[in-house]
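For reference, the structure is listed below as structure tokens.
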Amino acid sequence: MNAGKLLTLVQKEWLELLRSFKLIWVPLVFVVLGIMQPVTSYYMPVILEKAGNMPEGTVIEIPLPSGAQVLADTLSQFGVMGLLILALSFMGTVSGERNSGATSLVLVKPISFGTYIAAKWISMMTLTWGALLLGYAASWYYTWLLIEQVAFGPFLLSYILFGLWFTFILTGTLLFSTLLRSAAGAAFSSLGLAVLLSLLAGLMPKYLSWSPGSITGSAYQAVQSLEGFDALASFGWSIGITVLLIGAGLIGSAAMLRRSPALD
Amino acid sequence: MNRLLQVEGLVKTFGTTQAVKGIGFNIKEGRCTALLGPNGAGKTTTIRMLTGLLKPTEGKIEFQGLRPGEDQRSLLGYLPQSPAFHNWMSGMEYAVYAGKLCGLSAGEAKSRAKELLGRVGLADAANRKIGGYSGGMKQRLGLAQALIHRPRLLVMDEPVSALDPIGRREVLGILKELKEETTVLFSTHVLHDAEELCDDVVIIQSGQVALQGSLSQIQSDHRRPVIELKLEDKESSMEWARSFVERHQTDDAWRMIIEDAHLEDRTLRLTVLDMEKARQALTEELAKQRVGFVRLEAGYSSLEDLFMKVVGA
Ligand SMILES: Nc1ncnc2c1ncn2[C@@H]1O[C@H](COP(=O)(O)OP(=O)(O)O)[C@@H](O)[C@H]1O
Ligand SMILES: [Mg+2]
């Protein structure tokens, strides 16, 4: 793998994200989602009061959720809406270029298939981790303003765990995008994988604690837990396996691309 | 002469159809070679195997002068039949991008891109988005990006087939210059384009090589004297022509001097064995039978006749 060529390819991907405005609106959606969670939690009693036709004099008593609870709810929002938007943004990353014929020009240049896939992945991950950080930080800040401060340690740990989950699913999007002709197929398959793994991990937490699907649960736990919570001891297995699967997904993508660099 | 590329026994099977059935040829350094054949002959399939975009089912593709460990793709510049770029880039950005992917430094890529875009006539459009380019402009940008790293071999698939007459002239003009500087292989189904540009041809038909060699050699090997007679639009003359076509193989005197005769519309075309005698005998016959004709021409068969014969059209 040649660093100069990798950088050239990554720069091209970033420029494409910028020119298609994904670099702007994807983080924006995350920020909006992130702010909405603490804001709606805070104003929920007021909203209910205004919306509901309560008899005169009814007193609504909803306890304000804890700051950690609000952040966990934010992550859960990101896990649905955020992941959907990211998967839709990246679903045609390889298949689109292959279907248009653009890969026929690029992959006859002396670059390795691995470099091409790595560049795609790096650019995807910069957007993913960046958008997640902005959105989550916005949520953290508003939670602090409106409810209470959540310590930085649990915030950072839950961010990293959730980023890992996103990385895993979006590596799946990349793999399916090199495997399938249809972009929608790639989005559907990877989101389906996310739903399946989360469901299974929820249904059988004892037996599937090693599965990538349990990482989201770990992230919720991490943000709500107290000092001295040891992430690696609690879910080291699922982290290790997820990292391995991400590596396998990348190698698989490069192999698929080598098998059919362009449409026959 | 130095061989740059050697292809042997190339086979490609798609499912049950065999698109390429054992093609072999050599490309000599500094020459321009045309892969000539009708649509569906297997030209695109062959070229895509040379570029590495398609894996051969069988066969060998060997580049000479490849240093150990060197990627064979670094010797190649490739222009597909209808090149697709990233439409959101400008022509200049794409050419620089292509240069860097071939291992040029940023500065080198930029100066090469500038030089080549000027050369293919895109200097003014260099900073416009590719999405707004015409077909001819895309073809010329395709040439520029293929040449950016000074490849030893330029490979093009039907470089002018999809263009309008003006675009075609422009691209042919550029190719004429380029072939002086680098080895060129291109495919076409138009004989005229091959004749205009090439030194060597490989004629393929149904996935097989029908004929190959240098254009001048093929021309002289297969050149036959022919006489063309265009008849007057009169029943008696046409009657004579029809009977002559039937008669020339049975009549001993004619059989010695005429190899083949066929009538197409009002033109009688004779492939002759002995031009002197044929001319003499034919004029006597025409006078004796009072055949009315519009034109009588003696000459040689063209490459087109040969091409038609070889591809069986
Ligand atoms: N991907 C493919 N699957 C099946 N058949 C194919 C495929 N590509 C080409 N062919 C067949 O192979 C033959 C040669 O095609 P091609 O190389 O495109 O010819 P040419 O470029 O000379 O017009 C054709 O009969 C075509 O239908
Ligand atoms: Mg073709």
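Cβ atoms are placed via backbone N, Cα and C, with glycine included.
Nobody curates TrEMBL annotations by hand; they come from automatic prediction.
Listed as Cβ neighbours of the transmembrane segment (A:21-44) (distance under 8 Å, sequence separation of 6 or more from its ends, same chain) are residues 14, 62, 64-65, 70-71, 73-74, 77-78, 81-82, 85-86, 89, 127, 130-132, 134-139, 142-143, 145-147. Per TrEMBL, the feature transmembrane segment maps to A:21-44 (among others).
Feature annotation from TrEMBL assigns transmembrane segment to A:75-96 (among others). Under 8 Å from some Cβ of the transmembrane segment (A:75-96) lie the Cβ atoms of residues 22, 26, 29-30, 33-34, 36-37, 103, 117, 120, 124, 127-128, 131-132, 135-136, 158, 162, 165-166, 169-170, 173-174, 177-178, 180-184, 186-187, 190-191, 194, 198, 216, 219-220, 223, 253, 257, all in the same chain and six or more residues away from its ends.
If you look at the transmembrane segment (A:117-143), the same-chain residues 6 or more away from its ends with a CB under 8 A from one of its CBs are 1, 6, 9-10, 12-14, 17, 22-23, 26-27, 29-35, 37-39, 67, 70-71, 74-75, 78, 82, 86, 89-90, 93-94, 149-150, 155, 159, 162-163, 166-167, 170-171, 173-174, 178, 250, 253-254, 257. Here TrEMBL flags A:117-143 (among others) as transmembrane segment.
The transmembrane segment feature in TrEMBL is assigned to A:155-176 (among others). For the transmembrane segment (A:155-176), same-chain residues at least 6 beyond its ends with a Cβ under 8 Å from one of its own Cβ atoms are 71-72, 75, 78-79, 82-83, 86-87, 90-91, 93-94, 117, 120-121, 124-125, 128-129, 132-133, 136, 140, 185-187, 189-191, 193-194, 212, 215-216, 218-220, 222-223, 229, 231, 239, 242-243, 245-246, 249-250, 252-253, 256.
Counting residues 6+ beyond its ends, the transmembrane segment (A:183-204) has Cβ neighbours under 8 Å at 79, 83-84, 87-88, 91-92, 95-96, 169-170, 172-173, 176-177, 211-214, 216-217 in the same chain. The transmembrane segment feature in TrEMBL is assigned to A:183-204 (among others).
What TrEMBL lists as transmembrane segment is A:235-257 (among others).
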